Amino acid sequence: MVQCPNCGVEVEENANFCSLCGELLLENAADSAAIIKSGKLRRQEKLLTDYQKLTGFQKRKIFWQISALILISGIIITSLIDFIGNQNITWSKYPATISLVLFINFTLNTFLRQKIILMVILSFLSVTGLFRLFDIYAGNTGWEIKLGIPIIFAAYLTVFTLIFLVRKAKQKGLNIIAFSLTAAGLLCICVEGMISVYFQSSVYFGWSLIVMVSVTFISILLLYIHYRLKKATDLKRFFHI
């Protein structure tokens, strides 16, 4: 018996072609192991090529389907474990709620990728709903309105502004890193300010100012290097990747 170099199925020694896939068989069986390995490599390359031929939407849809399967399975499994152990749904509602919001955001990213404003608004509402549900689970303390939602809004506004600047940039290089660092510094200031108002009823800035000053100097240096070169800096070449 010999093995087909393409699919690995055993066929008769005097066969010229594989009865399963139609691959031409070897006359010299001694080389079959190496050819079988090369046949597997060819199939892997073909699969990779087929995946690369997919459009961006098709790739996102595959990721969305896999994510949906994993998240829904996680919700069902954790809920069953919680119910069997406690005869009620207790702790499992937290991971279930998070999984549901993640699925909503994956869905938005898959089907509303070209409608960025609508996608961001709906994503913001979904995360706001997540915080609201967490507050309900905790006994309606009201923290999500005074602290949670403002922080979420600041984070989404910062990210949306960053995306807008990146898309508008004619040259994408070190300036993108500078924009990201500045956005992170501003978000830190917003978060610390909101936390201080919530807990101390007054605006106080401490560590966030240190972060902001640090990233500002770095951002200025990066912007100077970027625009001094008068051409886009290739990030892959810069970081040797």
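Each Cβ is built from the backbone N, Cα and C atoms, and glycine gets one as well.
Feature annotation from TrEMBL assigns domain 'Zinc-ribbon' to 4-22. Summarising the annotation, TrEMBL assigns transmembrane segment to 62-85, 91-109, 116-135, 147-166, 178-199, 205-227.
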Who are the long-range neighbours of the transmembrane segment (147-166) in its own chain, taking Cβ under 8 Å and residues 6 or more past its ends?
116, 120, 123-124, 127-128, 131, 134-135, 172, 176, 179-180, 183, 186-187, 190-191, 194-195, 198
Report, as numbers and ranges, which residues of the same chain sit near the transmembrane segment (178-199): CB under 8 Å and 6 or more residues beyond its ends.
143, 146-147, 150-151, 154-155, 158-159, 161-162, 165-166, 169, 205-209, 211-212, 214-216, 218-220, 222-223, 226
Work out, from DSSP, the number of helix, strand and coil residues along the domain 'Zinc-ribbon' (4-22).
0 helix, 3 strand, 16 coil
On the 0 to 100 scale, where does the mean pLDDT of the domain 'Zinc-ribbon' (4-22) fall?
73
